[in-house]
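Participant: Handing you this structure, nothing more for now.
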């Protein structure tokens, strides 16, 4: 009797869910029907690599109710009211945004800051502010994508695009990541050379940086929070170092405020302006942030949890980017104060910047040269760790390689360390080698920017991917406008660069073919039809419905042939076909078609 009553209650609950049906079920919940974890015997955790294992994820609930920790919040969200703000919850969500912010503080950014300050003074501070705001918008979209779908950008590209496009995007992401990584490693090596008073050459610093990256990443084995704490220390070190320099040099506060509020741009500082904008959006950082937000335990199929996560991640990411903006401001104004209008302005780079500062501002109890070296070392070390972290997500997402993390880290490190050591050895005998290397690496990263931004914007705009969390038309227009700025600026930069480098008919034809292929791929990514992906939506819908009918057959046998239907209509992607439209399988089909076979068919179709 008790079992029968329980079954009756379950059936009643199913009827109530079916009654709510299309009206109350969110698209995010409907997409859960595509999630392989529905199959109890064949969990997707066994076949698909994920950014974070369930045991690694941080619980963000602060409720004392063990049965339903978010019941009150769920009621408030569905009642049309957001729950009251909680500082405790914000603390639990704090972390991913600050790891993401490291990309705004890597050695390449610092070099762009010091050159902008030395060449343009305080006149480009307004551009630094708006470039950071553009970077914030892009990162908020990346976080939105990761939270609402439960997958990061690389995984969604694997699901969304055909095989040839997926492999091309993976190659572009790897090139971008390695290009940025080389600059970051060399920045750390320069800092080590400064702090060792020139005793350790650049190539030794490269090796040390490669080894300490593994040490810091090993902290993840003790929990995500431990790794986030290490980054907090590194960011605090940078903030202290560059704030100390700012206080010591005493830039003019009035000039700083005018520089932030009043837009000014002259033709002689165009290259520095382009450098400031181009350094803000790094392609691998978009992939990284969409994965990092999954370190919190959020069910993407529960709308109220997604809304809450997006609320706190928006606050956390905004707070996180205030810190790099202030640090970049400190560096720019320090070099504007010391070198704007001087003959040294055009010759300052990462390696000689500390010596110029030492000569300009004199000796002290703790020389400013070493303060600069400490800040540069913290920037380089933190950015190399996040670069390796991003490389692991990119590799596992695009290729679904189930490798141990230390193996993936070793592969990712090798891509950057081998060419970097080669360049570092050559740099010891040629002062111009590093400048040439940085120039080409900036070109490579500029080329890759559209291949992260375009998939990101198209995916967050699609209802079949985002459900109710897709961005609206106005946000799409604003996002495309923002994304077009770095794309157009870097396109002009690339055109100018290659026009000066390419000489001769043959090299011109090769460049023309490369540009044609490049533009064609961009247009494909922008204008491709929704149905062109690797996901066979109709076949998946049929297979899922067949699976549910098989489940119902089993339940009917257990309940003595009592009638039972799926608890709610099924929706797959943009198809609004209910399982009732799929013919009920015959007994012969039931005996031949096992659950595992259905799952394998869906997996082969979707992945």
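All positions are counted from 1 along the displayed chain.
Even glycines carry a Cβ here, placed using N, Cα and C.
TrEMBL does not curate its annotations; it predicts them automatically.
Quick paste of what TrEMBL says about this protein:
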| type | residues | note |
| --- | --- | --- |
| REGION | 1-30 | region 'Disordered' |
| COMPBIAS | 15-26 | compositional bias 'Low complexity' |
| TRANSMEM | 125-147 | transmembrane segment |
| TRANSMEM | 198-217 | transmembrane segment |
| TRANSMEM | 229-247 | transmembrane segment |
| TRANSMEM | 269-288 | transmembrane segment |
| TRANSMEM | 309-331 | transmembrane segment |
| TRANSMEM | 369-394 | transmembrane segment |
| TRANSMEM | 406-427 | transmembrane segment |
| TRANSMEM | 477-498 | transmembrane segment |
| TRANSMEM | 504-527 | transmembrane segment |
Participant: Could you check whether the transmembrane segment (269-288) and the transmembrane segment (198-217) come into contact, where contact means at least 3 Cβ pairs under 8 Å with the two residues of each pair 6 or more apart in sequence?
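Facilitator: Counting Cβ pairs under 8 Å, fewer than 3, so no.
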Participant: Counting only pairs at least 6 apart in sequence, do the transmembrane segment (229-247) and the transmembrane segment (369-394) share 3+ Cβ pairs under 8 Å?
Facilitator: yes
Participant: Would you kindly list the residues that approach the transmembrane segment (504-527) from elsewhere in its chain, counting only those six or more residues past its ends and only Cβ-Cβ distances under 8 Å?
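Facilitator: The answer is 165, 168, 447, 450-451, 454-455, 458, 498.
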